[in-house]
Amino acid sequence: MASNPIITRLKQPALLLLVAILAFFAVDRAVGAVLREGLDRYFGLDQPEAVLLVGHSHVVLGVDKTLLERELGQPVANYARAGAQLDDRILMARHYARLHPHGVRAIVFGVDNHLFTAKGLSANSYSQFYPHMGDPLVGSMLRESAPEWDYRQRQISHLARYDDVLLNAAIRGWMGNWNNAVGGQFKPEVLAAEVASGDFRRISIDDAQVAHMEAFLDESEQKGWPVFLAFIPTTAQWQAVEPETAAQVEALLRRLADAHANVTFIDLREPWQHREEFFIDPLHLNAEGSREVTADLSRKIAPLIPGAQDSTQ
Amino acid sequence: MLFNSWEYIVFLVVVTVAFFAMPMRWRVPFLLVASYYFYMQWDWKFAFLIGSVTWANWEAGRRIAETDRPRARKAWLWMALVVSLGVLFFFKYFNFFNESFRAAFEAGGMTYMVPYLPIILPVGVSFFTFQALSYPIDVYRGDHGPERSLTRFATYVVFFPQLIAGPIERASTLLDQFKEKHRFDIDRFGSGVQLIIWGLFKKVVIADRLGIYVDEIYAAPELYDGSTLLLATYFFAFQIYCDFSAYSDIAIGSARILGFNLSKNFALPYLATSIADFWRRWHISLTSWFRSYVYYPLGGNRVSTLVWMRNIWIVFVVSGVWHGAAWTFVVWGALHAAYYVVQWVWNKLVPTPTNPSWWAVLLGMLITFHAVVLAWVFFRAESIGDAWLVVTTILTDTGAMPDLGPSRFTAAINIALIVFLMGIQVLQSRGWISLYFSPSRFPPAMRAAGAAMLVCGIALLGVSSSAFIYFQF
């Protein structure tokens, strides 16, 4: 029987298309799995029984995970992401707890003056969670937050779930590199000019955010997780921009800590906020500053974590 | 509707399927409607403008062909020139000249009464006016016969793959293709898709990434040292190449799927060994347009040396102005004219050997590239003052490590991508990888896998889509 010439003609292109599709999905899934493993290592999601750090860029740059592990004698999972808002931080804590239901030794929850300010931080902070969209908790958050088509694209391609920040974190996870490598030096005159022009993010206390925090702390109390509300230092000049509202936020944080037996407010601002040489900008610590603050954090929380070594003794 | 959007991919698929599914006689009208739909996604009102330019040039071509009277032929040609260039002048250059006159009047202590007009620049106006205008000129010269069908001519003017940013086609290269019967060809489809993928990679992975850094630095060049400005300028050189050549690649690939051949617009320009060589490789369709319709009518090189030099200066300065209504573009064009003349003088003094050594070739590439990079400073800067600041800072304030921006990791990726691009181009120049459908030494399966890797690269490293730089021209 003679073969159909059209089918004969299409055979090779169809095979090539198949090769291209298979190659795409093979590389996408294989590289995606490698990156995901690296990212989990970077965030410490592969680490059960850990002291969990959640927060945003202040914690990413301000706490030296390796040093804290050494000081506490405990594994530390630094699950902090630049731009993570209050709800993101709560989700991260729940995500870790879901992965390790009996493995939350303590939660160091990064707080700052803008903790209850819903507006002004990154509007698409959800995108930092795409690599973990397979997790039910993270997945349902993304379904609500992400545009439909963005979500679907990332279901198809695992590589599309990464941006440079996540890619860098994944590579660092494989390399075991948690160093604060960001350079720069705080320039008070730049901050002064921004404040004078009104070009800065204002503090507000949004009731819904407060309610979310209260609900999370209630949950942590129920589950028996020790929680430390750790105020990572920013510069004194930054603290002085809106002193009244900053004081209100601090009072609220202290009230929340007092209302929950498992919660402790750890204020790390003094004396570090006056050491300008420790900051790369008004908000973020450099490597040297993060080592000092980490040692201070360790001294303050070690006595409160069961099984941790107290480096002060 | 940007080429680097899902909307365009869906549009192209729908148009391709419908085009080949419908009877031959409906295909050109269908392409016309689809092209107008594509253009009206930006601003439907400008469809009337493009329609007017189309009609004026078609009518002029028809009338020129109908009469033997030289005065009438010339009059119709002038009508086409006035309409096409008038549209271009009004939308693109009116405010530039108006504000220049205002500044001159005010400097002389005089009052200038003509107000500033809030004119919106129609996207692609420089491209479609030049493409339309080439037709009546060709008919006038006897290089092409008149096109009887307004539908066909209108489709030639608005053919969507190359409507917004070229390649600028001519009647002899594109118009006649609308008379041919196009059949779906799976090989053309495959090679067209591969070129589109390569174009998308260059756009969303290389150009748009580099653009983030370049925009940051060039927004306030006074804040940065020479090494940072130099890095930003190098990045811009690759950004604009990847951005513009990506558009051409996607245009050529899209047209190829539909059975049409568009002109090659770029041929590895940063491997050029001289300025003349660069202009044989960069924006080839525009260079060719200026050569045919400006340079040759001025006498080309069949004139005295001084007149030839004048012709070179005119062509390059007009080419600069074509890109934009700003003095920075004039300087950009003038710099290239100066390079061209300097190269001519050099070639007179030091004859080029027939078989230059590899290091002479490499030296020629490096000198040409850096001359082009210097000119790009003026192309990119917001003003002549900014451009001068960038050049002087680069020359005087070097030595420090460049400011790599908020992420050294991102900067490392950017540099790696440039190395990757140049590696691919060297392989293309050696015939290993196909350049515009030339044969490749790699087997088809490996090419298919390579295209898949590029898609993976787009997924992993692509940044959010932004418009093509050349849309503003």
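Using N, Cα and C of the backbone, Cβ positions are placed for all residues, glycine too.
Annotation source TrEMBL lists transmembrane segment at B:6-24 (among others).
Among the features that TrEMBL reports, transmembrane segment is placed at B:36-55 (among others).
If you look up TrEMBL, you'll see B:75-94 (among others) marked as transmembrane segment. Using a Cβ-Cβ cut-off under 8 Å and counting only residues 6 or more beyond its ends in the same chain, the transmembrane segment (B:75-94) has close neighbours at 49, 52-53, 56-57, 59-61, 63-64, 67, 117, 119-122, 125-126, 129-130, 132-133, 136-137, 140, 321, 324-325.
As annotated by TrEMBL, transmembrane segment applies to B:114-133 (among others). Note on the transmembrane segment (B:114-133): residues 39, 42-43, 46, 49-50, 53-54, 57, 80-81, 84-85, 87-88, 90-92, 94-95, 98-99, 101-102, 156-158, 162-166, 168-170, 286, 289, 293, 322-323, 471-473 of its chain, located 6 or more positions outside it, place their CB under 8 angstroms from a CB of the stretch.
Under 8 Å from some Cβ of the transmembrane segment (B:312-338) lie the Cβ atoms of residues 92-93, 95-97, 126, 275, 279, 286-287, 290-291, 294-295, 298, 374-376, 378-379, 381-384, 387, 472-473, all in the same chain and six or more residues away from its ends. Under the heading transmembrane segment, TrEMBL lists B:312-338 (among others).
Positions annotated as transmembrane segment by TrEMBL: B:358-379 (among others).
The transmembrane segment annotation in TrEMBL covers B:409-428 (among others).
Per TrEMBL, transmembrane segment is recorded for B:448-471 (among others).
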| Beyond the flanks of the transmembrane segment (B:6-24) by at least 6 residues, Cβ under 8 Å | 30-31, 34, 38, 160, 181-184, 254, 257-258
